Amino acid sequence: PMILLALGLLADTDIASLFTAITMDIGMCVTGLAAALITSSHLLRWVFYGISCAFFVAVLYVLLVQWPADAEAAGTSEIFGTLKILTVVLWLGYPILWALGSEGVALLSVGVTSWGYSGLDILAKYVFAFI
């Protein structure tokens, strides 16, 4: 949520759009966590994964369609565009890693999945903060 807050404030978006994006992000995280923690039904895990991905699509819509116009009007489109692309590209890695990793179809080992999440976390948060 903090990355979206920073991007929304940078784009000088309205509070309703900011609240919607952060709410969708929290929904994505909570349903993604539920998908990872459910052990009773593999199908139910994928249902929660799908719901999480639907929340993610809503977040992507805000980042890629709504906020760029706000950033243009605010005069911050260059830095917003850089941070937006960094965020979108790295965040796309999380659902892919979940699906291929030990929580999903288990094509990747637990270690590779864990290192993948760690790498995405470091890049998504620290590189974002550095820029």
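Backbone N, Cα and C define each Cβ position, glycine as well.
Positions annotated as N6-(retinylidene)lysine by Swiss-Prot, on the basis of similarity to another entry: LYS125. Feature annotation from Swiss-Prot assigns topological domain 'Cytoplasmic' to 65-76. Taken from Swiss-Prot, the feature topological domain 'Extracellular' applies to 101-109. Marked as transmembrane segment by Swiss-Prot: 1-11, 15-38, 42-64, 77-100, 110-131.
When Cβ-Cβ distances below 8 Å are used as the criterion, the transmembrane segment (110-131) is approached by residues 3, 6, 79, 82-83, 86-87, 90-91, 93-94, 97, 100-103 of the same chain, each at least six residues removed from its ends. Within the chain, the topological domain 'Extracellular' (101-109) has long-range Cβ neighbours (under 8 A, six or more residues past its boundaries) at 35-36, 45-46, 49, 116.
Under 8 Å, Cβ to Cβ, and six or more positions away along its own chain, the residue listed as 'N6-(retinylidene)lysine' finds ILE3. Per-residue confidence over the topological domain 'Cytoplasmic' (65-76) averages out at a pLDDT of 97. Panel annotation: around the topological domain 'Cytoplasmic' (65-76), residues 7-8, 10-14, 17, 21, 84 of the same chain, lying at least six beyond its termini, place a Cβ under 8 Å from a Cβ of the stretch. Counting residues per DSSP class in helix, strand and coil order gives 10 helix, 0 strand, 2 coil for the topological domain 'Cytoplasmic' (65-76). Following the DSSP three-state reduction, the secondary structure of the residue listed as 'N6-(retinylidene)lysine' is helix.
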